[in-house]
């Protein structure tokens with residue numbers, strides 16, 4: 001039987017911080033916040049995106065001159081600077097108009113597969129009120145989307161941010177009701193009778209999602225499309241050099257930045273991955289008590305990053321969706337010669353996994369729907385086979401490494417931890 005008192009003592013020792021003990025201070029990181037994924041750096045740390053920054057700044061400046069800015073849709077693979085550019089320019093816009101007669105407010109929404117039309121407007125209202133001097137209370141539930149807008153959002157913008165509202169919606173392809181959201185935002189001035197501009201910046205990693213935006217939305221939104229290309233290896237090096245001061249002087253081996261950039265460049269020039277690798281390598285060195293961060297630490301970090309990225313991709317996924325992915329990893333492990341598995345095969349193993357963790361399995365059609373959502377988010381690939389003796393059927397394949405996917409699922413899903421050895 002485990003000794004709970006001993007376990008509690010160990011936890012307390014880990015959590016305790018002795019301000020007079022130098023051992024509690026990192027010998028590696030001086031400014032760790034520079035490596036946080038959500039950190040929006042100063043302009044002099046941003047690399048290779050001057051044209052996009054200039055375009056967006058000039059476009060949004062129209063809000064200050066009674067002109068009508070364009071709505072914007074940004075396209076490009078993960079880690080190409082889309083979110084960074086949008087958030088950087090919007091932060092500067094808020095700062096530039098603060099204290100003027102027409103301040104402008106911005107909201108940033110990062111949806112997941114379970115985001116709804118109503119929850120999106122609640123989140124926008126929450127963020128706007130959080131920045132207001134005299135905020136309104138925004139209840140978490142119980143109101144319609146129209147009520148959130150008409151009673152909790154537009155009155156506050158009108159009263160305190162008469163220059164207008166800019167809404168950034170990240171990863172629009174993950175939002176199940178994004179067409180309705182974009183349509184409503186694009187018709188705000190005509191339909192909701194407000195006299196301030198409401199501008200939308202939509203961001204997507206999936207260029208093919210353009211075809212999923214309904215024609216009525218395209219017609220009212222009339223967006224300016226901006227395409228972000230992957231970073232080159234030398235640009236990734238510059239991005240990391242601009243964050244070198246996150247570390248103490250002298251702790252980075254000369255090979256760390258080139259190795260990190262090279263690994264990130266292999267993954268379509270992903271700056272987000274590069275910064276995460278950079279940070280994780282430092283954390284590994286710190287945890288191991290090393291005084292120098294080396295290329296070996298970077299390679300160790302590379303394995304961990306795969307798991308972290310996967311956990312981000314499935315964040316917000318319902319339990320059944322995760323169990324289906326776990327079933328697919330089990331099929332992959334047991335059939336190393338196969339890459340593609342039919343829906344019926346996955347569903348059969350999924351039913352076993354669900355019962356193993358004491359969850360009632362979903363039916364075939366719901367499983368198919370969940371698998372297709374994973375295709376939308378890039379976790380899975382799918383293909384359809386028609387004709388032949390077996391008729392029509394759909395097959396699925398994991399996009400990422402099987403073991404990283406499996407580890408990420410176990411780490412993010414308590415119900416699966418009992419199956420760790422399976």
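Each Cβ is built from the backbone N, Cα and C atoms, and glycine gets one as well.
In this view, residue 83 (ATP binding site) is surrounded by 23 other Cβ atoms within 10 Å of its Cβ, with every protein chain counted. As annotated by Swiss-Prot, ATP binding site applies to 80, 81, 82, 83, 84, 231, 243, with the evidence given as sequence analysis.
In the three-state DSSP classification, residue 243 (ATP binding site) falls within coil. Sequence-distant neighbours of residue 81 (ATP binding site): residues of the same chain at least 6 apart with a C-beta under 8 Å from its C-beta are 46, 48, 49, 52, 228, 231, 271.
Residue 80 (ATP binding site) counts 25 other C-beta atoms within 10 Å of its own C-beta, drawing on all protein chains shown.
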